[in-house]
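Here it is, the structure, as C-alpha cells.
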Amino acid sequence: MTDKPTLALVAHDSKKEVMVEFALRNQEKLGHFGLVATGTTGGRIQEKCTDLTVRRLKSGPLGGDQQIGAMIAEGKLQGLFFFVDPLSPMPHDVDIKALMRLALVYDIPMALNLSTAEILLRSARLQGLKTTSATPEIKLTAS
Ligand SMILES: O=C(CO)COP(=O)(O)O
C-alpha cells in the first residue's frame, strides 16, 4: 500500500457517471493520493482516467463498503468520496450505513455528493485530508 494519504471513491449506479466525470476533471489532484474504490466504481474510473491507479475492492453489495469501513477502523483511509443514490433502495443498505457510521466515528472527511466533493478536494490541496478536533481547519499532513 502507498504511503500517500488514501482516498476511497464509491458511487451508486445512478451516480457513477458523475463520479467518473469528477475523477476525470480532477485527475491531476487525485493522482497525489492513494486511491481505492469499490469494484464497479473503480472499474469505470480506471477505464476513463488512464493516469490514475485505483485499487479495486469488492463490489459494494458483495462487501466493498465493509472493506472500506475496515480501512477506516484500521487508520488506513483519510477521505471518503461516496456519491450516494438517495432515491433507490439498496440491498446492502446496512453496509452503506455502517460505512458512513465509521466515517463519522473516526471523523474521516466524507463527501456524499458532487458539490461537497469538489469543495473537499479543493480544501485538501495535495496533502492530506485529516482534521483533528484541536485544529478545526484542514490539517496539511504530508509535504
Ligand atoms: O454499492 C456501492 C456502494 O454502496 C458501490 O459498489 P460498486 O462500485 O461495486 O457498484
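Even glycines carry a Cβ here, placed using N, Cα and C.
Just lifted these from TrEMBL, have a look:
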- 1-143: domain 'MGS-like' (DOMAIN)
- His12, Lys16, Thr38, Gly39, Thr40, Thr41, Ser59, Gly60, His92: substrate binding site (BINDING)
- Asp65: active site, proton donor/acceptor (ACT_SITE)
For the domain 'MGS-like' (1-143), provide the mean pLDDT of the predicted model.
89
If I restrict to non-local contacts, at least six residues apart, and a C-beta distance under 8 angstroms, what lies near Thr40 (substrate binding site) in its own chain?
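The answer is Asp13, Lys16, Ser59, Gly60.
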Are there residues of the same chain, six or more positions away from Thr38 (substrate binding site), whose CB falls under 8 angstroms from its CB, and which are they?
Val10, Arg56, Leu57, Lys58, Ser59, Gly60, Gly64, Asp65, Ile68
DSSP helix, strand and coil counts for the domain 'MGS-like' (1-143)?
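Tallying H, G and I as helix, E and B as strand, the rest coil: 63 helix, 22 strand, 58 coil.
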Hey, for the substrate site built from His12, Lys16, Thr38, Gly39, Thr40, Thr41, Ser59, Gly60, His92, who else sits with CB inside 8 A of the CB center?
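Surrounding the site, in chain order, are Val10, Ala11, Asp13, Pro61, Gly64.
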